[in-house]
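Worksheet: the structure to be examined is printed underneath.
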Ligand code: UDX
């Protein structure tokens with residue numbers, strides 16, 4: 001199969017490299033010349049474990065290439081994926097589809113022969129209809145089937161998520177696309193990953209409903225964590241106790257500082273807007289969005305309380321800045337709200353993150369960055385774990401205690417237990433562990 005991947009960002013690059021690894025012939029396209037030039041040299045613009053080797057080996061094998069020119073690869077393609085960005089539109093929370101529609105127009109001008117055009121970007125219900133309308137308007141002779149095939153990749157685990165998915169969802173209106181999409185995903189579904197065919201609108205909604213449900217699950221356990229603190233219960237045990245019920249399941253029940261990232265905040269908001277526009281408000285999700293927003297700042301109050309109620313002039317060391325480990329992504333990271341709120345309360349901030357400091361520098365003012373946990377702990381009045389990188393899972397508390405001004409650990413990811421930290425003379429505050 002010949003595949004053209006429009007958009008070489010996170011989703012496009014991971015999907016393109018994985019399809020090439022399946023043996024397909026893939027061209028990744030992007031308008032950003034610097035990015036394409038870098039990719040041609042094997043420089044990957046994002047941090048994703050395993051992606052550099054996957055890109056290198058498939059480029060070497062001649063199955064994966066990069067270009068800024070859309071016309072040629074699209075004309076040769078059996079399948080064209082649209083994997084461009086759909087940021088939240090400023091002001092109204094709707095997904096901004098201008099890049100998707102621009103890609104559709106360009107595709108229309110270049111397609112030759114029967115071509116399946118797939119939206120992989122997360123797009124609101126009805127976008128596939130509009131993509132099809134645009135292509136037909138631009139080129140009435142184009143022979144295309146427009147398909148929805150949402151991605152469910154988690155940053156940091158994207159390659160294994162792509163290669164071992166729980167399911168592959170394909171929404172189509174033109175039956176000719178069924179065989180083509182089966183062929184594209186053949187290596188996966190012969191390995192028993194279910195390939196679920198639905199209508200195009202259903203597929204588009206599955207993506208949003210899935211993300212909203214997970215966001216709701218996290219927010220649910222976060223509220224239960226607050227209740228645990230108030231009544232003297234332990235949220236990790238509650239999560240285990242309810243998660244063993246197969247109807248609930250154990251995943252996405254880790255209490256923490258609130259969800260962040262490029263998907264949950266954006267997609268929940270877009271779903272709320274779509275539902276409001278269709279006069280069927282999704283109140284559970286509206287509440288989830290509001291609760292999660294409040295939670296991020298509320299975490300700063302936890303830190304302030306752990307410092308005796310006042311952080312004016314105190315130094316707080318922040319461990320972990322990215323919205324989760326194994327990524328350099330700072331989008332909607334809880335650390336941003338926590339740090340801003342602590343600065344508003346008069347604290348001085350020192351911070352360390354294995355991959356996120358470059359992006360953080362552009363988003364945060366007046367933060368002193370260090371080279372390790374021990375480096376930023378020097379003279380600090382509290383150490384706060386905001387992101388659970390593996391490197392923070394076996395900290396040497398004796399060494400930390402020696403250099404800190406006050407031995408206080410605020411563990412917003414419940415990495416440690418109170419007992420193991422206390423024995424080194426630290427005071428400990430976790431999330432939802434009222435005992
Ligand atoms: C998510 C979806 O999982 C993926 O299917 C979709 O395609 C894109 O959005 P991602 O944003 O990469 O992936 O990260 P994920 O691992 O889902 O975590 C999202 C946020 O939820 C993070 O901030 C994480 O820290 C938080 N989270 C997750 C919790 O607070 N508790 C949990 O139990 C799980």
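Just so it is clear, glycine is given a Cβ too, placed from its N, Cα and C backbone atoms.
Owing to the predicted nature of the structure, the values given are computational and were not obtained by experimental measurement.
In TrEMBL, the substrate site is described by 152, 153, 154, 155, 252, 253, 254, 255, 256, 260, 324, and among 60, 76, 207 the residue recorded at this site is 207. TrEMBL names 30, 35, 86, 122, 155, 331 for binding NAD(+). Of 217, 266, 273, the residue it gives for the same site is 266. Here the domain 'UDP-glucose/GDP-mannose dehydrogenase C-terminal' (317-418) has a mean pLDDT of 97 out of 100. Among the binding-site residues 30, 207, 255, 266, no residue is identified whose Cβ is positioned under 6 Å from ligand 1. When the alpha carbons of residue 35 (NAD(+) binding site) and residue 263 (active site, nucleophile) are compared, the span between them is 22 angstrom. Remark: secondary structure over the domain 'UDP-glucose/GDP-mannose dehydrogenase C-terminal' (317-418) totals 34 helix, 19 strand, 49 coil, with classes taken from DSSP.
Taking Cβ-Cβ distances under 8 Å and a sequence separation of 6 or more, the neighbours of residue 122 (NAD(+) binding site) in its chain are 86, 95, 150, 151, 207, 208, 211, 263, 266, 267, 270. When the binding-site residues 30, 155, 331 are screened for a C-alpha within 10 angstroms of the C-alpha of residue 260 (substrate binding site), the residues that qualify, in sequence order, are 331. Long-range C-beta contacts of residue 255 (substrate binding site), restricted to its own chain and to partners at least six residues apart, with a cutoff below 8 Å, comprise 221, 222, 224, 225, 235, 236, 239, 414, 431, 432.
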